[in-house]
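Here the structure comes first, spelled out in structure tokens, and everything after it is commentary.
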Amino acid sequence: MADEIKKENAPKKLSIQRRTKTTVSGTSTTGKSKEVQVEVRKKRTVTTDLERKAQEQAKLKAKEEAEKRAAEEKLAEKAKREAEKAKAEQIKIEKAKAEQAKASKKNVDVEKEKRRAEEAELRRKADELARQKAEEKAQKAAEEAKRYADFDDSDNDNGKLDDYSDYHLTSSYALEAENEEERRNENRGRSKNKVVKAKKGGRDDENGNKNERQSDRRNQKDVKGKGKHAKKASALQQAFTKPAQVAKADVVIGETITVAELAAKMAVKATEIIKTMMKMGEMVTINQVIDQDTAQLVAEEMGHKVILRKENELEEMVMEDRDVNAEKVHRAPVVTIMGHVDHGKTSLLDYIRKAKVAAGEAGGITQHIGAYHVETNDGKMITFLDTPGHAAFTSMRARGAKATDIVVLVVAADDGVMPQTIEAIQHAKAANAPLVVAVNKIDKPEANPDRVEQELLQHEVISEKFGGDVQFVPVSAKKGLGIDDLLEAILLQSEVLELTAVKDGMASGVVIESYLDKGRGPVATILVQSGTLNRGDIVLCGFEYGRVRAMRDENGKDIQSAGPSIPVEVLGLSGVPAAGDEATVVRDEKKAREVALYRQGKFREVKLARQQKAKLENMFSNMAEGDVAELNVIVKADVQGSVEAIVQALHELSTAEVKVKVVGSGVGGITETDATLAAASNAIMVGFNVRADATARRVIENENIDLRYYSIIYELLNEIKAAMSGMLQPEFKQEIIGLAEVRDVFRHPKFGAIAGCMVTEGLVKRNNPIRVLRDNVVIFEGELESLRRFKDDVSEVRSGMECGIGVKNYNDVKVGDQIEVFEVVEVKRAI
């Protein structure tokens, strides 16, 4: 329904079709005329009024748009014409300015040319005047000479007049005038901006000059060329000159280098280096590692300059780049307090700390950093290291850091010398630190200080009372008796040692202890040994490095700098350093990082090398400098009698070449302290009816210490003897294994003289050295070149058999000679 309504409302069209018929005449294929009827249908559509109105509106709209577009184009054309007009005016103005500038420049050039001409004229006049003066002077000199010549005799008149008539031509004035004239002519012919043209004339006498002038003209033409093809003057010059000889680069050689690396550095083939080394008597492969000296010889042989470089050159350079010529001043002593458990070490430390730290700081010690310094009544300073036990003390010594100057040995007056007291004495002696003995607990009624002195005599600690150099000070840590006397004794000992250090300069010290704090990161306690450590310094500590972000003293207060013998807590390192590591201030953080990475890379090699350090089989490599080798031993036994017997027997084993040194001995099981001492001293540990505890076993495993258990003393002594025998230099002995008598001599084209022999004794071997005897006198010593039985090459011939022997490099064998075959045998020496 809706569709029908829509169709009714739609504009109606009236279509009229017209049919038209017509006739077209044409020519057929046979040439006759032919008529064809064609029907044309035309269709005309008549639109209604609505459609006509819509078409008119569309036409009006199109007309308006066309007019609008025409107006816009007209405006654009007008704007374009105005822009072109403005541009033309601008070009006209610029052209006028350029012409004005050109005219002014032309005027300036004219003025310059005029001024130049005037100067040239003035110069010419001056030259002319100078020439005239020179000629007048020469003429006067000639006339004067002529006048002098008139007074001479008539015989010499003609000759002298001729001589003086030429004077104006040969005198210095005339020569000067001629030189001036030549210079003037040269200057007159030159022009600043023009090339002098050759004169056109007849044929040249030589073709070479003509060719040169032609090439010059060609070059000038090329230089003066115009356009993009014109050549620059610099293009005529040769850009590269071939060197007369091959340039030899400097070769940087480390401590070791492979043949391939050396070839790359020398820019040659590896085969050339192998050939050179073959000529030098060394057979190598392309990947073989050669040492620095060999590489230097090869490089110099091939004409290169060698620069030797150590692998740790950067580390040495960083360490040596320090302040020098700084003045040394007196420094405070660094003291470690050691002793047996419950003998009063901690009480003594606490009393000194409370009594000598300033009143305002007495209760203000917020944290314990392992070290602190106090001032005495005289205003002098002492630094105390609080190292619980002896492990840290020995570890620092094992790493080569001698932090302690003086050891205070605390012994209880009522208890006497105990096992840990003896250990402390051994550690102090191993570190070469002087002892000061503090006899504690003298306030007790059962105290007996004299007994302590007597017992320490047995351990070579001799008091001043008995003529020794060890100070004994009776103290009471509980009541504070003798504390000032102890401090005075420490200061007296430090004066004897004459302790000095550089105060102003880059600091160096040792790490006392370190740990990782959750909030602050790696924290290290550093004892400054020389120089001044400032906040912001770059510190290198073993494998770690970093800039000092903060420094605190033992009271927890922030400080800006610390001098010698001052312990400080440092923040800012890249990691936690090991106790005993050396701390050094360096200038460059980048170089410090490189050194730290280099040390980390070398750590594994050092660890592997340490595994072989204390093995019995390699004790020969640990020989001390000189002829005498030392075997360090630590002895632990179940009873004192066994210890004394073993130590005495070991001392008796010592010889002129190998000495046994008992580094430590004691009663009881093997402790961590014993293991640390063995690692520090490269010692063998011997346990007689005792065993190591768990912590000691861990240290022994980490440090690869040689630990041996025994229950029979003879087995112990025999193995120590074997170790000492291995450290002795071996002996070599010659043993005669065969003798052959020469029965006849034959000549061989290849081997020369061949001795026909009968083996009379022993065995003749092909590869053994020989001697030729004549009348029981050795006339030649060498080796065999050939050994044959009949026509077969053999390796050995037994007694009673005939053989042919060719002696290498010796042809004077005669009938009746004896050929003696021997071998060199290594005889192991035993103690």
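Note that Cβ sites are derived from N, Cα and C of the backbone, with glycine treated the same way.
Keep in mind the model is a prediction, meaning the values are calculated, not measured.
Feature annotation from Swiss-Prot assigns region 'Disordered' to 1-236.
The compositional bias 'Basic and acidic residues' annotation in Swiss-Prot covers 1-11 (among others).
Using DSSP to sort the residues of the compositional bias 'Basic and acidic residues' (49-150) gives these counts of helix, strand and coil: 102 helix, 0 strand, 0 coil. Here Swiss-Prot flags 49-150 (among others) as compositional bias 'Basic and acidic residues'.
The compositional bias 'Basic and acidic residues' annotation in Swiss-Prot covers 157-166 (among others).
Residues annotated as compositional bias 'Basic residues' in Swiss-Prot: 190-200.
Summarising the annotation, Swiss-Prot assigns compositional bias 'Basic and acidic residues' to 201-225 (among others).
What Swiss-Prot lists as region 'G1' is 339-346, and the listing cites similarity to another entry. When pLDDT values are averaged over the region 'G1' (339-346), the model yields 76.
Secondary structure from DSSP puts ASP342 (GTP binding site) in coil. The GTP binding site annotation in Swiss-Prot covers 339-346, 386-390, 440-443.
Summarising the annotation, Swiss-Prot assigns region 'G2' to 364-368.
As annotated by Swiss-Prot, region 'G3' applies to 386-389.
DSSP places the residues of the region 'G4' (440-443) in helix, strand and coil in these numbers: 0 helix, 1 strand, 3 coil. Summarising the annotation, Swiss-Prot assigns region 'G4' to 440-443 and lists similarity to another entry as the type of evidence.
Listed in sequence order, the residues of the same chain lying 6 or more apart from ASP342 (GTP binding site) and placing their CB within less than 8 Å of its CB are ALA412, ASP415.
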